[in-house]
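S.K.: Please read through the structure below; I'll follow up with questions.
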Amino acid sequence: DEPARAEDLEFAKKLREQARRRGREMTEAYSRAKSAQKKGLRGASQAHRQEAMAHESAKKELDKQAAKIIFRENNKNRKDGMIDLHGLHLPEAVRLVKDQVESARSRGDEPVRFIVGKGLHSNAGEAKIRPALEDLFNKRGLTHSLDPRNAGVLIVRPD
């Protein structure tokens, strides 16, 4: 087993930065489209809207690549049934958890432990992933609890 490679995680960080830049460019292009629309410049508005959609598509692809690297690097040395979600955006984490729970269910696995963190590194300093996963598990009727030894780990029974 090799540790998470710093150069891969650094590359993922650069991908996230590029995605954020594309997000800003997307917002600016949509703003230009709206402004052109108000001025009655339909052609310009359409061109700006297409530019915005191209930035949005590139942003999604960059984030997808980054998430794949982050997930792989964070979990390559983890034992079965333990999945680290650190560094993932909320929609990425929820999508991966759905897939992991389904896989665990089809294999008949024991409880799955998701390392969700405590939210200390989030913008507001509050957990975002844990409450979203608790809501997901509640909606699906899945038994779940916080690890009594670590409040940053959420345990779910995939049955």
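Cβ coordinates are placed from backbone N, Cα and C, and glycine is handled just like the others.
Straight from TrEMBL, here's the annotation block:
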COMPBIAS  18-27  compositional bias 'Basic and acidic residues'
COMPBIAS  48-60  compositional bias 'Basic and acidic residues'
DOMAIN    83-159  domain 'Smr'
REGION    18-60  region 'Disordered'
S.K.: With Cβ-Cβ distances below 8 Å as the criterion, list the same-chain residues six or more beyond the ends of the compositional bias 'Basic and acidic residues' (18-27) that contact it, or say none.
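M.R.: Here the qualifying positions are 52-53, 55-56, 58-59, 62-63, 66.
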S.K.: I'm checking region-level scores; what's the whole-number mean pLDDT for the domain 'Smr' (83-159)?
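M.R.: Taking every residue of the domain 'Smr' (83-159) together, the mean pLDDT is 90.
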S.K.: Going by DSSP assignments with H, G and I as helix and E and B as strand, what are the residue counts for the compositional bias 'Basic and acidic residues' (18-27)?
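M.R.: Secondary-structure breakdown of the compositional bias 'Basic and acidic residues' (18-27): 10 helix, 0 strand, 0 coil.
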